[in-house]
Amino acid sequence: MSPPAVDIKVSTDAPPKIVKALNLLGSTGSIGTQTLDIVAQYPDRFRVVGLAAGRNLERLIPQIRQFQPEIVSIADPEQLPELEAALADLPQKPQLVAGEAGIAAVAAYGDAEVVVTGIVGCAGLVPTIAAIKAGKDIALANKETLIAGGPVVLPLLQEYGVKLLPADSEHSAIFQCLQGVPEGGLRKIILTASGGAFRDWPVEKLAQVTVADALKHPNWSMGPKITVDSATLMNKGLEVIEAHYLFGMDYDNIEIVIHPQSIIHSLIELQDTSVLAQLGWPDMRLPLLYALSWPERIPTNWSPLDLVKAGDLTFRSPDHQKYPCMGLAYAAGRAGGAMPAVLNAANEQAVALFIAEAIAFLEIPRLIEMVCDRYSAQNIPNPTLEDILAADRWARATVQELAQRGVSPMVAL
């Protein structure tokens, strides 16, 4: 048989099975457990060197027994005796560390080639920097690292010659679509959003939202913080800032569209108006696996996308009145400097207060707007890491102060 007219260099041979060593930050969370599912399914491709977790020992201890890491970190040093006792029968015991220094130690530890950052929030920034300085590639599932720390992280990637690969669905989709696109060929990034728990609610009903309502995501299984962010569409606003840093795209050329089915994970428009998209069932393991295996494609036995079963794919413009957080994120991104760090910290704190039932749902964007307005006059254009961490602390304290005084819910910008 003659060779094909178009040589796309498809190999029917399985890729060489090189075991890749991983350090996993946030092992007991949603990203962490799904990453370990991948490791368990492909033990001939991946091995765990280090685990960093929070306070969930009930979930962490079985992970240690199954994956046998060399080092383990937990958030609370007071839990170390309990963890040591639970592992007393292990013939090979991991090194146990704790606190913020412990997370950074795991991030930089040993012969791990890749660090998966699954820690929620700005807490992932310092350990990610530690991993970069140790020369380890980053599978980024913690968007706040770039949102808050972009001005610091990007130069460090260049300085230490490490790769940062997106491990969340939207930015992985963009990254996959960009494979083979020549420099200068990208015109626009289109981020798709499910619309969250309240996509079909009228604006007037949002004043009645409960925490339980906000945590009912229609498509994805995620942690509570990111599920609330999806309900406010702040998640997508933060992803706009992340896309700006990841792909160097101007904010005017990053668009958000509501796509309720969550089958198209994002799209790119090229200079000739061609549009490329990445499709798949809503499954976080897919972008995680690609970030871990890139540039390879590892065969899986997961359910492939069936377009007939998927049915109609629909799109609509987001409602700026319903989703004011989206506009706040664009404004913070355009302001640059430390302002995205302030936006992110204010959002984290406001969402935590909402989940604790200390504020109403509509107070989340109002608090964020007030904090960003206060900070605008003191924004630092080229912040250091210390500047970013100081801005983060200031924003959290200011949210607490404003919440204690009481705020009026904002419906529209």
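Cβ coordinates are placed from backbone N, Cα and C, and glycine is handled just like the others.
The Mn(2+) site recorded in Swiss-Prot comprises ASP168, GLU170 together with one of GLU100, GLU113, GLU239, namely GLU239.
When GLY196, GLY223, GLY237 are compared with the NADPH site residues THR28, GLY29, SER30, ILE31, GLY54, ARG55, ASN56, ASN142, GLU144 in Swiss-Prot, the one appearing in that site is GLY223. Taking the Cα of GLY54 (NADPH binding site) as the reference point, the closest of the binding-site residues LYS143, ASP168, GLU170, ASN235, GLU239 is LYS143. In terms of local Cβ density within 10 Å, GLU239 ranks first among the binding-site residues GLU144, GLU239.
Checking Cα-Cα distances from GLU239 (1-deoxy-D-xylulose 5-phosphate binding site) against the binding-site residues (THR28, SER30, ASN56, GLU144) with a 10 Å cut-off leaves GLU144, in sequence order.
Taking every pair among THR28, GLY29, SER30, ILE31, GLY54, ARG55, ASN56, ASN142, GLU144, GLY223, the residues listed as contacting NADPH, the largest Cα to Cα separation comes to 22 Å.
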